[in-house]
Amino acid sequence: MFDHSLKHALPAAKTLQVVQTLLRNARESKDGAIQMVFCEYADTLLGPMKKTIKPTPDNNSSTTDSEGQAIRVAIAQAYLDHANIVADLGYTDLAQKSRKRADKWGGPLAPLVKKNRRVLQPAIVDDGIFVEDVLPPSLPWTFPEADGRVADTPQLVSCLSLLQHSEESLDETLGSEALQWLKRTRESADERTRLETLVTDLIRIFTRDEIKDNMAVTEVLCLIPVLGEDDFRFLLRLFLNNVNESPILDLGALRGLAQLLKDASPGHLKAQDLIEILGPVSSRLQETHSQSADQIFELTVAVCAILDAMADTKVSGLKRVEMHEPLLAFLGGLQGSSDPHLKYYASYAFQALLCIPDDESPWQATVRRTTKVVKGISGLVSAVKGLDLNGFLSGLQDIQEGFDGIQQVFELALGAYEGVSAIYEGEQDLMVSLKEGLTFDRKRAWYSALRGVDTLIEGGELAKFRVLVCEAPCRMDIAFQWGVCQRLGNLANDPLWSPVTRREAIQFLSEIYRGDSDWGRSPQVKGYILRLLKQLSMASESQHDAGILLEALSTDGDAAKQDIYRSCASKGSNSHLLRPSLPEIASPSLLDRAQKKTDVEADLRRLARLRIKERGGAIYVPPMAKANIFAPNEKFFPLIPKVDRFLAGADKVLLLMGDSGAGKTTFNRELDLKLWKEYKPKTGRIPLLISLPAIDRPDKDLIAKHLRLCEFSESQIRELKDREFILICDGYDESQQTQNLYESNGLNRDGGWKAQMVISCRSDRLGLDYRDLFQPARSSPADPDFFQQAALVPFSTPQVKEYIAQYVSIKRPLWEASDYEGILGQIPSLQELVKNPFLLTLSLEVLPRLTDPGQKVAANKITRVQLYDEFVAQWLEQNKKRIGAQDLSDKEKEAFESLSDDGFTQQGLVFLRDLSEAIFREQDGIPLVEYSRARDLQTWKEQFFGRKDNEIRLLRMALPMTRNGGRYGFIHRSILEYGVSRAIYEPQKQSGLKLQSVERDADKRQRRQSTSSTFSFEWDAMAFEGDKGMDQEREAEAIEQPLLNSLLAKKDFAGESSVLQFLAERVQQESLFKEQLLAILQRSKIDKNVRRAAANAITILVRAGVQFNGADLQGIQIPGADLSNGVFDGTLLQNADLRKVKLRNCWLRGANLSGARMAGVKFGAWPYLQEEYAVRACSYSPHGNTCAIAVGNVIQIYDTSNWTSIIALHGHTDVVSWVVYSPNGLQIASCSDDKTVRLWDANSGDIVLAFEGHSDAVNGVAFSPNGTQISSGGDDNTVRLWDLQEKVVGHILEGHSDGVNAVAYSPDGLLVASGSSDNTIRLWNSIDGSVQRILEGHTGRVMTVGFSPNGEQIASGSSDNTMRLWGAKSGKPGHVLQEHSSYVSSVTFSPNGEQIASGSWDNTICIWDSHSGAIGQTFQGHGREIYCVVFAPGGAQIVSGSGDKTLRLWSVQEVEASVSILQGHTDTISGVACSSSDGQIVSGGDDKTVRVWDVQSVGSPGRVFKGHASSIMSVAFSPNYFQVASGGYDNTIRLWDIKTGAPGHILQGHTGWIKSVAYSPDGSQLASASSDKTVRLWDVGSGAPGRVLQGHTNFIWSVAFSPCGSRLASGSWDNTVGLWDVRSGKLERVFEGHSEAIYCVAYSPSGTQIASGGRDKTIRLWNTETGVLEQTLEGSMDAVNSLAYSQNGLQIASGGDDQRLCIWDSVSGQCLVAVAGFDESILSVDWRTVLGKSYLVTGGIDKLVRQWLVVDTEDGVDLRLCWISPHGELKTKDCILDSVQDLGRINIALMKQGGAVGEPVEALTFQQASRHLVAVSGAASKFKQLLKMK
């Protein structure tokens, strides 16, 4: 802490002085710990003094008796002071010791009296003046946006000044805005550089200006605090040169120089600089002496500033003779000036110069004896730390030798020691160090005191300023008072100080003027105060206060003082009285000019920060994508790496597709953010996220328009045109574009913008040939198209969880992530919905409103529209609260109260509905609305966006909308679509969606009042026939009229998938809506004006899953409707207007279309050509107008316009293996197993040439691109090249070790590729026949090979079930494409090379992306292996030939709208069961899933249970319908909770697959039948195994419990039925009679009968008591697979391999009804009565679940199809086509191939139509003539 080695170094008197200083510091300190430190050190110094000074006089003392007594008294006083201080601190023991020592040192204490020293008492001023410190004046803190315009130079200086401070030094009063700005800017090197560059630019502009006026000087001087050293020194030289070189003194430069020196940052000024500056300025001052008083004054002020700076900078060694003495002499002369102001400044400069040691000054000795001198920025005092105290005192002793008088030496030593020692101890501040004044040589203390005053004022330490001024020992010095008054005047005149501070400055002047006893009676000072007040009262911030005081002083004081007043009042003002105000900054300022330059990078950084800010706090889960919209969702990959590869490659356009809400915009924003973070200034590609709907006409000048929206100037845009961009174009579908934006904007053309484009579009908005809207144009088909695509796939479960975790972390809801996951896990329909990111967001928002966390809920069905209902209502309610909490005006309050009274949320929904309808009606659905009050005052927009109606404005504020200037839009397009759906049908009530607990739901098993399924069409309930009464007609009209007044009748919605989905779900919720839509259909029969509404109505109904089996739709008019996936079995559609209707995958079995108009219908399928033999090869002509196919040993040529045969080419004597057209289309080449290659005339069919030479079957043939050569390969292991001009073989290429199966030419004709059974591909030179490369990799024989159109790739297919891609030039292997399950027999590239089609012996065709190898579409339909596939020349179709003897056509690029339809089984259904409680159906099949269907309610499957490792063979409902059991091929039984979806027990024990499971009637036990020949019983509750029933000798295929549960029947492949006692496990009876395996058994409801069926095609009925065979039901035409009794036991349903569903009379054995509408075997049947109605459910090999209504009729029983699970193909069996109009030959062929009957009306040819028109015109002319005659 202290250096105790010093305590013996000082004489007693000096030690005592140090003690007194320490105690004084202790008294003044406010910190108790510091006070104690001072006291301890003082006590340490006092202790040893008794060794030199005895408490009582001693004869041996070196001190005289009088001197010793004085010191003893002082020591006693010191101990007493010490005692008082420590007592106040609470140390009573120490205080007591000090008092005792005080008594010991001298008894009565006496004050220390120093001779010849005048003690000046502190001055007294009013207690209200400068009581406390204040914040120093400063401009308000304002901050520019990053890369934004800086408002003015003071703002620039403020910002840079703030950046220069360390965090520790920052004032807490800065505020959060300043701190946030500082944090952001410190993190951005670019922004800091920009601000610093502005300073440099401003100085450069100032330098370039020839005339530097005062305003420019003022502005550049503002920069001083933030100038770097180089800039500071540059300005310093600039101003000095202007002062020196100007013939007439440049006062602006001189003032600038002075200000630079005054405000210089530490370290910027060097000692030598100041010496060099002082010389010329001093010379200029002396030269100006006789010229101008103003110039002398300004020069003197400048000299003051220079000398202050020299003192601050510790300049030493100023040459006495050359500079020091002449300047002192000159300044001394000025002290005699008559101008008191000049005299003051001269005196000030004189004192300052004395503080600068010359080259002989003893002051150097003092400095040399210090180890470190730190000067404050004001230069007020040397704050010395770590100095040699003895050396310092020794130096002071040297100084005193030059002074006159012991008193001066004592005051100097005391003042310096007190200040320095206190700083040495870390506690003394500036004010105390000057309190006693510092006087050196002939220097006066007032100069240093005034420097301290300046520092305190600058820091706002006005309380210390007051103390210093009042207690300074130089207080009575006239120069000091003059300086103080000047500073008080400047305080009062400065508008930056507060009014209180300015007023108190005036009051202080008053105190000095009036306080003669404290301040003296100097007339100079009094007069100076009066002149200051006069100047202030004339024009200043303190004009009022100064005027009042000035008037009051007119009568103050005696006559002499009043004479002074009168003398001053009569004199004019002096410009030197107050510090002159700096002139205003010019306009435009230097900064304005500096910012005028185009700084593109700064604005790009601003744009980047804006994008980053917009993404702040956003939830983002990296999406997965598939190759295209046709690819299965399971074939996904991470999207961002694909995009990275795209951006790194040469391709130009990437199309990103996805459903509404799939996350396209989120991904685009994240990609934009990523690219901005990676952006490299000046050289990097610039990312632009462009919202296409926000751009007017984006098809032209897209980039420039977007840059203008981002506030880039035209010059900047021109500059940017040379840069490269990455365009992220969002919302192509929302912009309603039909243009190829890449092409229409001329991207990457000469003189155009250079860019890659990522563009997003909703999948359901893409149509046929959608690629044409996006891919760059090509000059030839062989050119690359520079196009890629990807389609977002739904979230996976891990992605959903990650999204929820981020949502909880960012949004901080009341729920935890586990709460959300728990509820979602209980609701199957919601689990499917939340795979869509936007719907997931909605779900997370609304779920807390619907249930409590942790609650077990029933398996409620939540639909998309319900989520939106809840979300929008919640949004409105929350914003109602927000608006209500705002400070509204009276009119706004009135409007708010009115809305609240009427129901704020309901009014908001109405506003949403009306606005959405207007946007669809007026803007064709473009979601962004631009509103300008001036432009749109008389338009529809004023109604919704005007400002006059407060209610409208409040409602708009409450909607889920965003606003950017005059642009308004919903937060997501789907909100707009939701609003449109409400505009069409306003729900009769809000959804009121609440999740019921399991317990409550269990008490409400009767959930519905009717069994009428949403999916059933009960047309007989409609009563709208024309012959009904007028009242009924009016009633019917009333039902549908609201819809006819809506958008439903004004706009086609077939393409609006999202709107249709909302409306479809409304149909499922509200029966009234369904009735209204059906009424419109009925009305369309007689009113063509409702055709559009009717088309929309039936589109909605079909989307909702309504099935029109047997409905009477005769005469309906629905042109343009989308009936895809609709079910119309047996529907009456005679004379219906079905023009341009989509019928993809429709079921029209037995439908009557007689007389219907069907021009332009789209089935989404093509007819196939049935041939006599397998179709081995096919080839399109170059123009695509004909197609040649190889059938047997004949080549058939078809006209592709109608697929009729033109000609047959005969000549080959064995199977034709391949066929190909020549490049010009005039010839056809073929090869055959007859070992020949033949050349045919394509028009006549004549043989041109027959090449013989192969010694075995020829498998492949190809034309060279120029048509002059043919290559062929065969089983003789050779490839032969045939010269068509010479008509001979050119080369025989040998090298393969096995047969050659395929050959192909490269596009340039230089290479021939051959694929061989030796598993290799060889590349040959077509000119010389040399082998170029051998491609190895396949593990099976290569069956097919082909080149890409650009020659870069080779594709090959093999018997190893793979297709491989190879680099054609390098031979390097590429992707290995694995999807086929059998040989890949044919591969072909699309004409543009982007896709590859592969045909396989697994009967499928796959479409692949040639770049990524990702699979797209898969086509199924052939019944046997596929031999050939080929693209049509346009690339839109594929033709394939198969061993099933058919040629089939497939549409490759037709895109269907993304329809939310039921997801069905993808393989055979082996088991079905139906609930008697609520009609739910459960099914299981070979796709390893158990699916739950709620056909009575919404149109989505319930839960999908997955867990089995193999096929599911059987399913069963528990008796309470809370549980499902499934048995599988994996030898296990699994139990599933139907409500929660939780998996239950897994029952293991069987050693073979489980074919049948059955619950006991009480649900406690489960029986299972297995191929291990056993029946096992299980405890359902515990899962524990029970008895094992053994007795059968072969597979057991079926089990059934008796109604009482005591018995069990089993059917086995040993041809017997076993009857078992459940309790004992004994086999009671064996029923024998079947001749083959038994597949099924069923117990009658009475328990007295068992039915069994099996492979012998019979159903046998057994008496359970007697064992007697009661009936044998014969009539089945194949094996019986499943049986079920009716509830009353009188009837039995059966299904089997004869593809019929039959109902039998159990008494008579008669077959009551047989439905033969199945295409495959029925494997499972269940019969249940649901709420009084009897239903059958079937499942089978056709992958479909069907529900049938069993109806009792007069003739017996009838079956009506109610519902069918999702299906994926067109069905037209028995559809009646009589007199159908304009169906077209191809569609007729398609329907008839499906089994349609009847003869449509042939469409008229052009010639027929012309003749018909002429005949009609002639008849009309004759009719007119007859009329005239009459």
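Glycine residues also receive a Cβ, built from the backbone N, Cα and C atoms like all the rest.
Bear in mind that TrEMBL entries carry predicted annotations, made automatically and left uncurated.
These come from TrEMBL:
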DOMAIN    179-536  domain 'Arm-like repeat'
DOMAIN    653-809  domain 'NACHT'
DOMAIN    1216-1362  domain 'WDR90 4th beta-propeller'
REPEAT    1209-1250  repeat 'WD'
REPEAT    1251-1285  repeat 'WD'
REPEAT    1293-1325  repeat 'WD'
REPEAT    1335-1376  repeat 'WD'
REPEAT    1377-1418  repeat 'WD'
REPEAT    1419-1460  repeat 'WD'
REPEAT    1462-1497  repeat 'WD'
REPEAT    1505-1546  repeat 'WD'
REPEAT    1547-1588  repeat 'WD'
REPEAT    1589-1630  repeat 'WD'
REPEAT    1631-1672  repeat 'WD'
REPEAT    1673-1714  repeat 'WD'
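The list of residues near the repeat 'WD' (1419-1460) in space but at least 6 beyond its ends in sequence, with Cβ under 8 angstroms from a Cβ of it, reads 629, 659, 762-764, 766-771, 864, 1055, 1057, 1061, 1064, 1103, 1122, 1124-1125, 1144, 1164-1180, 1182-1184, 1187, 1189-1191, 1200, 1203, 1382-1383, 1385-1392, 1395, 1397-1407, 1500, 1769.
Here the repeat 'WD' (1209-1250) has Cβ contacts under 8 Å with residues 1176-1183, 1186, 1188-1197, 1256-1263, 1265-1267, 1270, 1272, 1274, 1280, 1282, 1284, 1287, 1302 of the same chain, all six or more residues outside its ends. Under DSSP, residues within the repeat 'WD' (1673-1714) fall into helix, strand and coil as 0 helix, 22 strand, 20 coil. Ranked by the number of CB pairs under 8 Å to the repeat 'WD' (1293-1325), the listed stretches 1335-1376, 1377-1418, 1673-1714 are led by 1335-1376. The domain 'WDR90 4th beta-propeller' (1216-1362): residue composition by secondary structure is 0 helix, 86 strand, 61 coil, according to DSSP.
Counting only same-chain residues 6+ beyond the ends of the repeat 'WD' (1547-1588), those with a CB under 8 A from a CB of the stretch are 1510, 1513-1520, 1523, 1525-1535, 1594-1601, 1603-1605, 1608, 1610-1612, 1618, 1620, 1622, 1625.
With a threshold of 8 Å between CB atoms, the same-chain residues lying at least 6 positions outside the repeat 'WD' (1377-1418) that come near it are 626-628, 630-632, 635, 637, 642, 771, 775, 778, 781-782, 784-785, 787-789, 1340, 1343-1350, 1352-1353, 1355-1359, 1361-1365, 1424-1431, 1433-1435, 1438, 1440, 1442, 1450, 1452. Taken through DSSP, the repeat 'WD' (1547-1588) splits into 0 helix, 24 strand, 18 coil. The average pLDDT computed for the domain 'WDR90 4th beta-propeller' (1216-1362) is 95. Sequence-distant contacts of the repeat 'WD' (1462-1497) (same chain, at least 6 residues past either end, Cβ-Cβ under 8 Å): 828, 861, 1005, 1007-1008, 1011, 1013-1015, 1068, 1105, 1503-1506, 1508-1517, 1521, 1524, 1526, 1528, 1536, 1538, 1723-1731, 1735, 1737-1741, 1743-1745, 1747, 1762-1763, 1765-1767.
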